[in-house]
């Protein structure tokens, strides 16, 4: 097919699911193998602070990375900095070409409940109610208090004796903290900035228990806008049976595991749900299929919702380079099988509270790293004869000693190779590429590889797959608007416009989904054009 296939045409393929069983591929244990012939490279280096999840550190060590030690390593001698708190502007400006940060700037527009509500309301007024009807009616307090009161009493008059239900959430808090569910306005209390939303009274129940979905989304860049959705995920259950007659029973109405793991029924074997309060997403979809539900259609609706949500805030993201971010989208399914966006979580929890967490989150972190640093360099080394005979299978743990590419997305980004082939005496080059560090070994090897590939380039014609160019060593994605730019010689900045890889591990590309959306996002976002393409897709 000419061009990247649409989500609608290849839903099963996009999500990597067979027609029957819909099993999700698990990350396999890593094994150690001998290094191939040639000068060995030291491991890549990750940097942490006190907020870095222990699971992230554990996974990186499993993959053969080293932990940064400021006492014995150069201040710039690291490749990945993963922490819970956001980075300062100076850290974004000074990030080096071989480094990655796990946050984009300006993400509160997506993860703060009041900011998200404002952006979605703006998109709804501009592009129509029907397109953005996946969020409940929302009021921001105290700004919208008068509007809310008017709506409350109008609805009360329309419904007569039938109650209406609302939920009030703090704009900045998570894990179910500070939430109030009410039907009587006299019970509404708030201090500070809150959002009040129409409470969804008809959730899809599993064995009479309410649940929601934690969908993991990774945004690897904003120029072009590049969104991946994880095939696996979590389904979180309330631990008491759903009952609108008792709005104060949070174990019945809230699905946050931080609350329900403390409930009296957490360890009990509950109807259908079983013990605990979590399922894997694949188990949930298997349950739906047993009731003749088209789970692929539901997945497709969720992917559209994610794209539309990110589009609401993407134009406001400042220019940054070498960043990525993992988000947790919380989605509730009602009894009409309509998905509703509840909120988007910054730093989704990576704690391991149960065996379901272990199976999902450990693979998730592995696949985030896989998404960022696939072993493309190792495959190129093999072409150049650097792999020892009989060692055609290379483990991920060892391949990461030599890898350093972004998603293998066949782009024309300026690479680390291109930057380091300039004059070694150039002060700018010396500043960007310090000598005698772990990463300096990597840069030197990449330079040798570049010279070899240049000699062989004329002998072979690259094979195209759909609209992707051949895989090559590339830079991480760029981002979008521009309050500031990275400093340094022109050669150290990635070019815009690379075509993303369609998957990595269990992550699948959901945007861009065709040539038109790629062109509409590679040099700044043409939101109107993207919306038009998405509407075509949704109307098929």
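Using the three backbone atoms N, Cα and C, a Cβ is placed for every residue, glycine included.
Among the features that Swiss-Prot reports, ATP binding site is placed at 169, 175, 176, 197, 198, 199, 200, 210, 211, 212, 255, 256. Non-local neighbourhood of residue 200 (ATP binding site): 136, 332, 334, 340, each in the same chain, at least six residues away, with C-beta under 8 Å from its C-beta.
Here Swiss-Prot flags 175 as protein binding site, drawing on similarity to another entry. Cβ neighbour count for residue 175 (protein binding site) (all protein chains, 10 Å cutoff from its Cβ): 13.
What Swiss-Prot lists as L-glutamate binding site is 236, 258, 278, 361. In sequence order, 234, 235, 236, 237, 257, 354, 356, 357 make up the list of same-chain residues 6 or more apart from residue 278 (L-glutamate binding site) whose Cβ falls under 8 Å from its Cβ.
Annotation source Swiss-Prot lists Mg(2+) 1 binding site at 330, 343. For residue 330 (Mg(2+) 1 binding site), the same-chain residues that are 6 or more apart in sequence and have a Cβ closer than 8 Å to its Cβ are 212, 213, 214, 215, 341, 342, 343, 344, 345.
Other Cβ atoms within 10 Å of the Cβ of residue 345 (Mg(2+) 2 binding site) number 18 in total over all chains. Taken from Swiss-Prot, the feature Mg(2+) 2 binding site applies to 343, 345, supported by similarity to another entry.
The domain 'TTL' feature in Swiss-Prot is assigned to 41-384; the stated evidence is sequence analysis.
Swiss-Prot lists 479-499 with the feature region 'Disordered'.
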Whole-number Å distance separating the Cα atoms of residue 176 (ATP binding site) and residue 258 (L-glutamate binding site) is 8
Rounded mean pLDDT within the domain 'TTL' (41-384) lands at 92
Nearest by Cα to residue 198 (ATP binding site), of the binding-site residues 175, 258, 361, is 175
Quick note, residue 361 (L-glutamate binding site) and residue 175 (protein binding site): C-alpha atoms separated, nearest Å, by 17
For residue 258 (L-glutamate binding site), the closest of the binding-site residues by C-alpha position, picking from 169, 175, 211, is 175
DSSP says residue 255 (ATP binding site), in three-state terms, is coil
Other C-beta atoms within 10 angstroms of the C-beta of residue 176 (ATP binding site) total 16
Min neighbour Cβ count (10 Å) across binding-site residues 169, 198, 361 flags 198
